[in-house]
């Protein structure tokens, strides 16, 4: 194939003797193709290509059965426990009954609190006796050591000090070994005060004792010694393990660890931490373990603090660098740390499960070679998980990365191949399938978001109505409350999307597959992202992708993917394994976590957390199951049934069944301390003393017991104490209490009996080391558990002490927390403190004072007030109109009244379409009449005025159309000063023709009369006019800009045209915007800047227009492209709703337009006509221009080279100012270390960058959602809706994410709130500066847009720096807000102007457009430039998260409003919905001479709300299949298209059969000749007589191409893809259109056929010929619609 043929589209058309049966256009309506009859199975299950609705319960039941019958039993499976009687049959094995006896004996001692007799004496004695018993008769060496130790370390944010705590350490070694490689096995025998500690951790101690016994008597050798550490202080917390690993003589030889703990009472012990970085441990675990239960996800959740606990594993890892395995019980966490944690309820099978595993694991690791030099095997993290407890899957992190990437890429590849197959099977082009993929992917993302939001909102609601934890005992309520809610959200969004796009050509089965493919692609993308982020738990997503891809491959291989329903069988089969696995995993997850929510504290909303977990688990388990619901009949009813389940469970939650607590088994927890509080003043006098019950609630439902416990009615919050006393004046027990202290309660009570051992602090000495430094020696004595809270006052700083140095080195938040406990020796603790007082100039550390929360709405109202007081008046500002009576006082000035009167006369002519008598006669006469008046009044002594009426014919190519025109009119006036002989002139252009039905007062009548009045003023003025001015009143702009083409290519004056002022409109008056300049002639914009009185100009508008964001074009393009004429393009943009409608009349034109536009155009014309640059414009061609006005007050303009310098300099200065500001922060007294400050700023920068991305993403997602659910354009008639939908969404994220970060980190830094806010704004400025530099480097002149914000912010930072260095105070908020006023004005002005201009345009941007996405993009582009500098100030108010959340609530409210009548976009006459309605007759001629003729209404929607009239006006419209059939058979779907834009719109067209229209004339196409053109070429010549507007479609058949024709050659030279579209227009001529076409064909095809030739004629201004049926049909359109209507004919021939 030759190169010239490569881009030619081929269609095979085979001649046939039976055209009615082969051509869909000729097939009788209502005829049906033969369809295969369904078999018995299909009849039972399938109806209308969907599964019958009553199978839906069975579908749900199937998955529920899998969960109940397989997943749950696997999660709770325990081995048969061995008894002492079984020992003879099972020698050398773990005996569960012995371990149980050990536990009963240990628990019988009672609670074993550190320092108590039970822990320090009784437990020690009991364990020692057991060890001695085991030592007797063993073949191994067993050493027992009782360690007593003291020490300290930092745990969380407190100093954890211990004194004389005890460990029992047992080492078992092979006889005579000298190995120095030990395996350490650890558990703790101490307990919390409230409970006997059977589960935590007596069960593990008992298990260790039995394992030790078995090893001691076993003949199986141990290669290396094993150390069993029975630690006596884990609950304190973790003190004994620290004592061992840092001080014991055997610690340095411990090379590996098995840690045993519990957060429940029995069950299966889970391995939830390994390593780190020692995969060999997992290899040994896999080899040895008998009952595997392990999960990497558990490890990552634990290490990221999702679990409110810690274990000794951390101590051995961090303080001893000992790698290991961490295992714990998680079942029945309800009794954890309570008096109900008894030995009687501990399952004996749990002992056997753990014992079997531990015994095998100890032997395996103690004998493995890796333990001898574990550092050699430190090879990175591991990924591990068990499968149903049957076996363990384990691989390294590197292998995991490879596996994840391969599976993800393979998934995407297979899904991509599926998309291609879908294109083939459906007959839809691949690019359209890919477009559907993008839409479906966005819908799926949105469905996940909606599905996530609904349970989260329900969780918030449950908490708000005092029903949290309803599922605490009956955890099945989680399924009904949160899972079903998530499933509803996940399903309803696609269901609505499918409903709103029900006319899609894809079958529903394929669309559901597309949804599943997109879900899989989403999982694959998440897999890759999480893999890059180093999240090992992403293996769960990888497994989902893997099994789905397997099912998809089966479907493709068996070709079931093309079936309507059968594809679901392989899909379900391949979904079962991952579902069973994930359900097993999830059940264990909830079994572990649900009890924990009873002790997470009052700060956490447990229902919110469970909702989030439910979303994650539901997404994992059912992401490929829920979409299948769309395949059922009545799918929306089925989906809504899920919400019915939620409602039922909500009702149950309000009954006793939903009460969370049960006696003994599922209790509510409180920590209650009978407390005496004594407060001393600076002189050590008692200033306050009281007693009472200090109550620390452990969950959210504190109010539950208020009516059950009498004293609880007296409970009071201690918020006021938190303001006055250290740590609220409460005896906090540990760091977690410290975090939740403000939620605690206080009940006054009698004084407790404390005994004599009261805590006492004595100041032993006080020494002044220097003028500012003081040294204290102190002593603390008292009971075995005490806490010191140390708070430096009055700006003093702790610079040293005798405690652990880390809190001082790391700048811990004050007050400092030192926890101290002792075991067997209660000697006083002596310590010293060294403080530094501030100097007078330093002052104390000031606290950040927040403003009252109600100031936030005032702040927002102030911003609105500024907008309404300054921006709106500036935008709508017009000068006072000058009247004819004032003319004598205002010589040489524009008289607006005269222009207004002229427009009234012009508008009264009516519709003025090119070729009509109104345009070609009446309007031309009106213009000639007005011009003659001007000539009569002109200074003929000064000026020559020449008038020419031009009639032009020609052709060119534009917008995908080849255009030919004949006899179109222009009125041209040239005014020149007699004293000047310069031929170079300035051209001023506007058009007087109109579109269909419109009087065109705004477009473009107002510009016509402005030109007339400007001509009149110039003709009477004595001002110099160095160059002539030509006023072109062009008569054919709406007809594809033919008038300007006729002038610039044919008129006698065209060659001397050197510059242009083009005047147009896209609305009904208002201020005209300069939106195109040049190109490459910056002097033009400078003259505009210097001369116009009311500037309104934006480079941004120019770049948007030239990149096709605006659905329009102007004559500027013609003068530029065909005449090389530089110029200025100006247009009025107000009230674009009436553009090209009958409402574009004199009454609707903004009254201030005449004077405002005239006062700009007249001086601009004078300035340019006198410009010396006109003498040689080529010499001044110096690049593009950057220009913009500031609220219409003034204008800036400069070249792109200057723009480059300005943007770079401003950005660099901003970087320097920000760097200096951050450096100054490090100099403040009491601040963090410089490194910490810069590190915090780096994190803030990342947070702000993430905030920016999330804000933009969420705003776009709201737009996608609005379009997906059929609520697009809700802002169309009320632009205020865009504020609630998109601005509020943006502000919500811009505020909330930083607020969350500030809230989470405020206690971890000394940075002041003002500094943190400043850092966020610094980060925003840096992001904008980077954006500005990137845009500048890409040559985007609109980079000035972010530059303005950067400039003003840099000024504010610079002023703050100067004030800080001079006045020692920066006045941060004041300076910042003052410097933000002008950019706030600027950006809101541009934003408002953008919405005023673009919102009406979105109503005519085409059915394929995305108006909400477009508007949201405009909102984002403008708002991010000021939101990042205005919104952060709201962090200064109290309750910032609530304040910012209110923006999110407003978004939801506005979405709801959008679904009501308030959000209906269209309004009668004001903002109607537009349709083109063509009464059409179509005639299709076959090869045999037979003709098929039909008639109907061709309706072409021009916006995206396509289905508003489906149930009324369009109820008889043909289905989408009709359009598909016609598109397959005929060029351009056999529809009478009128412009190139309609080519892209045709798929959304409606066709309603009707009676035939009445035509003034018929299409008369005559073939004049057919002759050979040499070789394989044939030439046809035609003569065409038809209406004054004709469209030709030329579509060569297969293996035929057009080589030449009589039209413009552009499509042939550029090898455009046929069919070709030719537009022909005539004016006042009866000459036929003669044309010829030359074709090249194959040698064998000598007789044809060669092409399809289609002729359409349009009668656009002949309403007198409308039939009564047509009038009645038009009357069925509601009053909020507007129809642009005419009648047309189409005839098609095969030649």
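Think of each number as a place in line: the chain as shown, counted from 1.
From the backbone N, Cα and C atoms, a Cβ is placed for every residue, glycine too.
Any TrEMBL annotation is an automated prediction that lacks curation.
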When TrEMBL is consulted, the range among 31-52, 53-74, 75-96 described as transmembrane segment turns out to be 53-74
Among 610-632, 679-701, 702-724, TrEMBL lists transmembrane segment at 610-632
Checking 371-393, 440-462, 739-761, 762-784 against TrEMBL, the stretch recorded as transmembrane segment is 440-462
TrEMBL record, transmembrane segment, of the ranges 324-344, 345-365, 639-659 the matching one is 639-659
Q.
Tell me whether the transmembrane segment (565-590) sits in contact with the transmembrane segment (53-74), defined here as at least 3 Cβ pairs under 8 Å among residues 6 or more apart in sequence.
A. yes
Sequence-distant contacts of the transmembrane segment (538-558), meaning Cβ under 8 Å and at least 6 residues beyond its ends, amount to 296-297, 383, 385, 400, 403-404, 407-408, 410-411, 414-415, 417-418, 421, 516-517, 520, 523-524, 526-527, 530-531, 567, 570-571, 573-575, 577-578, 581-582, 585, 620, 623-624
The recorded stretch from 970-1164, 1256-1457, 1471-1693 sharing the largest number of CB pairs under 8 A with the domain 'Endoplasmic reticulum metallopeptidase 1-like C-terminal' (665-843) is 1256-1457
Confidence over the domain 'Peptidase M28' (167-361), expressed as mean pLDDT on the 0 to 100 scale, is 93
Comparing 53-74, 1204-1225, 1237-1263 for Cβ pairs under 8 Å with the transmembrane segment (440-462), the winner is 1237-1263
Same-chain residues at least 6 beyond the ends of the transmembrane segment (1283-1304) with CB under 8 Å of its CB atoms are 1243-1244, 1247-1248, 1250-1252, 1254-1256, 1258-1259, 1262-1263, 1266, 1274-1275, 1313, 1316, 1320, 1412, 1415-1416, 1419-1420, 1423-1424, 1427-1428, 1431-1432, 1434-1435, 1440-1441, 1443-1445, 1447-1448, 1450-1451, 1453-1455, 1457-1458
| query | So, do the transmembrane segment (1316-1338) and the transmembrane segment (1204-1225) meet, by the test of 3 or more Cβ pairs under 8 Å (sequence gap 6 or more)? | reply | yes
Note: vs the domain 'Endoplasmic reticulum metallopeptidase 1-like C-terminal' (1471-1693), the recorded stretch with the largest number of Cβ pairs under 8 Å from 167-361, 970-1164, 1256-1457 is 1256-1457
For the transmembrane segment (474-500), the distant same-chain contacts (Cβ-Cβ under 8 Å, at least six residues beyond its ends) come to 440, 443-444, 446-448, 450-455, 458-459, 462, 508, 511, 515, 590, 594, 610-611, 614-615, 617-619, 622-623, 626-627, 629-630, 635-636, 639-640, 642-643, 645-646, 648-650, 652-653, 657-658, 1265, 1268-1270, 1507
Same-chain residues at least 6 beyond the ends of the transmembrane segment (1237-1263) with CB under 8 Å of its CB atoms are 442, 445-446, 449, 1222, 1225-1226, 1231, 1285-1286, 1289-1290, 1292-1294, 1297-1298, 1301, 1305, 1309, 1311, 1316, 1319-1320, 1322-1324, 1326-1327, 1410, 1412-1413, 1415-1417, 1419-1420, 1424, 1427-1428, 1451, 1455
